[in-house]
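Written out below as structure tokens is the structure these notes cover.
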Amino acid sequence: MRSITLARTISRAYTSSTTASPSNTIRPDEINRFSNEAQHWWNPYGPYRLLHKMNPVRTSYIRDWTRKNTMNDASSSYNHIHQALHSKSILDVGCGGGLLSEGLARLGANVTGIDADPVGVRVAEMHGREDPLVRANVKYINTTAEQLAETHASTFDVVCALEIIEHVSDRHLFLQSCAQLLKPNGLLFVSTINRTPISYFLTILMAEQVLKLVSAGTHTHEQYVTPQELESEISRVSCRVVDVSGLLFDPLGQEWRLADSGVVREIALQANYITCAIKNE
């Protein structure tokens, strides 16, 4: 319920914005594209099918690293450690239709989902009403991380920015805002796509143009971020990276898998990956 109270306060303070300015990192062309496809967010066979399949491994990664971080807190009880997300305040930046927000809410988190696309936010709100647990634990707001950081610094235990950083106009400002929203020792999760020839082949040539798994124009290779670039940029916003793992799609099993060690990790890191960082105390 805490997330709902927080969200109501936020919603009174902000209105939607789809124009890029020095105070936000919105790319209007990206917002328009997502708005046009918003009705497909909860279609597991539509343009977001790969995100539907990716959601379980992303949610598990967030849960597991939150548990590890909780175990390092001497004041945490046994139950808190084994219910890693219970009552944690989580911000889902770029929540879209609410795929990640709902998954985290079902694990007990108090989730605030924000997105610059008002249509996607409306879709998320409507879908969330179907599940009492989601309805109680999630609130969606049409705003940006930059706007939210102006009045809600050091508010959240966890901030998630998954599959969004490659769509913003200013990575540093975006990451800085995400870090400002975190409490000290809070966790920042970022997932994106590496800028390599392999990622171009897999995510644009194959996924967009040949197999039509996602809509044409969804990705821009020049906007992809290498793990080294991301770690460097995160270190400049008072956070330190503690893990970088690959996300590998198994075409036979039609599922995503976490690749966190060995040769498989190195292969997976050529395309999709997810990072966990901790905000300095």
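Residue numbering: from 1, along the chain as shown.
The backbone N, Cα and C atoms fix where each Cβ goes, glycine too.
The S-adenosyl-L-methionine site recorded in TrEMBL comprises Arg58, Gly94, Asp115 together with one of Leu133, Leu148, Leu162, namely Leu162. The C-beta environment of Leu162 (S-adenosyl-L-methionine binding site), restricted to residues of the same chain at least 6 apart in sequence and closer than 8 Å, consists of Arg58, Asp92, Gly94, Leu100, Phe189, Val190, Ser191, Ile274. The Cβ of Glu166 (Mg(2+) binding site) has 19 neighbouring Cβ atoms from other residues within 10 Å, across all protein chains displayed. Over the domain 'Methyltransferase type 11' (91-190) the predicted model carries a mean pLDDT of 97. The S-adenosyl-L-methionine site in the record is lined by Arg58, Gly94, Asp115, Leu162, and its two most distant CA atoms lie 19 Å apart. In sequence order, Arg27, Glu30, Gly94, Gln223 are the residues of the chain that are 6 or more apart from His167 (Mg(2+) binding site) and have a CB within less than 8 Å of its CB. Taking the C-alpha positions, the distance from Asp115 (S-adenosyl-L-methionine binding site) to Glu163 (Mg(2+) binding site) comes to 12 Å.
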